[in-house]
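**Student:** Handing you this structure, nothing more for now.
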Amino acid sequence: RRCFNQQSSQPQTNKSCPPGENSCYRKQWRDHRGTIIERGCGCPTVKPGIKLRCCQSEDCNN
């Protein structure tokens, strides 16, 4: 699986996930800096108030 891993509005970058990792995620939240977006491999557990979208195809988490 390959997932995007750039932060917020940085130029697109992606990486290959470890063997057996078939999910990508996109987390989004707001703080004093504005809206923060984090992308990567897997499907992490998030705290309340953080939007999480997990998906299972190549580069699906932009």
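Cβ atoms are placed via backbone N, Cα and C, with glycine included.
Keep in mind the model is a prediction, meaning the values are calculated, not measured.
Below, the features straight out of Swiss-Prot:
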- 1-21: region 'Disordered' (REGION)
- 1-16: compositional bias 'Polar residues' (COMPBIAS)
- Cys3-Cys24: disulfide bond (DISULFID)
- Cys17-Cys41: disulfide bond (DISULFID)
- Cys43-Cys54: disulfide bond (DISULFID)
- Cys55-Cys60: disulfide bond (DISULFID)
**Student:** So how many of the residues in the region 'Disordered' (1-21) end up helix, strand or coil by DSSP?
**Tutor:** 0 helix, 6 strand, 15 coil
**Student:** Could you check which of the disulfide-bonded residues Cys24, Cys43, Cys54, Cys55 is the closest Cα neighbour of Cys17 (disulfide bond)?
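**Tutor:** Out of the listed candidates, the nearest Cα belongs to Cys24.
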**Student:** Is it possible to get the count of other C-beta atoms within 10 angstroms of the C-beta of Cys17 (disulfide bond)?
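**Tutor:** Here the count is 17.
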**Student:** So, three-state DSSP: helix, strand or coil for Cys60 (disulfide bond)?
**Tutor:** coil
**Student:** What does DSSP call Cys24 (disulfide bond) in the simple three-state scheme?
**Tutor:** strand
**Student:** Taking only same-chain residues 6+ apart in sequence, whose CB is under 8 Å from that of Cys41 (disulfide bond), what do you get?
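**Tutor:** Set apart from Cys41 (disulfide bond) by at least 6 residues yet with Cβ under 8 Å, we have Arg1, Cys3, Asn5, Lys15, Cys17, Pro18, Glu21, Ser23, Cys24, Tyr25.
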**Student:** Using Cα coordinates, what distance in whole Å links Cys43 (disulfide bond) and Cys55 (disulfide bond)?
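**Tutor:** If we compare the Cα positions of Cys43 (disulfide bond) and Cys55 (disulfide bond), the gap is 8 Å.
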**Student:** If you draw a 10 Å sphere around the Cβ of Cys3 (disulfide bond), how many other Cβ atoms fall inside it, taking every protein chain shown into account?
**Tutor:** 24
